[in-house]
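According to Swiss-Prot:
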COMPBIAS  83-95  compositional bias 'Basic residues'
DISULFID  Cys34-Cys46  disulfide bond
DISULFID  Cys40-Cys58  disulfide bond
DISULFID  Cys45-Cys106  disulfide bond
DISULFID  Cys68-Cys114  disulfide bond
DISULFID  Cys108-Cys124  disulfide bond
REGION    71-95  region 'Disordered'
SIGNAL    1-27  signal peptide
Amino acid sequence: MRSSRCARLLLLLLLPPLLLTPPAGDAAVITGACDRDPQCGGGMCCAVSLWVKSIRICTPMGKVGDSCHPMTRKNHFGNGRQERRKRKRRRKKKVPFLGRRMHHTCPCLPGLACSRTSFNRYTCLAQK
């Protein structure tokens, strides 16, 4: 009698958390921790957290009207002349970006551009 009561109580205590826990595949989306773009799902990139600069999280790419930053591709591999030349050659803004992003925003979605809308303010807008 007592063991069945304990079993029922244990079931009542453990069942709600089990029902509210997401499947194992979705757990990465909740934490969002990443190191590089390929670890994030489609339409997202791995960007620096706003709150803790040493952590990178999966962040959605910019949609029309979202604020953006023109240097979202900036990484911290060397600052020499060779690196600047390489950056000039690869102007395409692709995701996944294999470097480490140094800003908290992702590039705009394909077909959009990060355009200056006012002094020191950039927004994702349709490319002309």
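Cβ from N, Cα, C; glycine included.
Cys46 (disulfide bond) has its Cα within 10 Å of the Cα of these disulfide-bonded residues: Cys40, Cys58, Cys106, taken from Cys40, Cys58, Cys68, Cys106, Cys114, Cys124. Annotated pair Cys68 (disulfide bond) and Cys58 (disulfide bond), C-alpha to C-alpha distance, rounded: 15 Å. Closest by Cα distance to Cys58 (disulfide bond), from the disulfide-bonded residues Cys106, Cys108, Cys114, Cys124, is Cys106. Put simply, of the disulfide-bonded residues Cys34, Cys40, Cys45, Cys106, Cys124, the one whose Cα is nearest the Cα of Cys114 (disulfide bond) is Cys124. Comparing Cys124 (disulfide bond) with Cys106 (disulfide bond), their Cα atoms are 11 Å apart once rounded.
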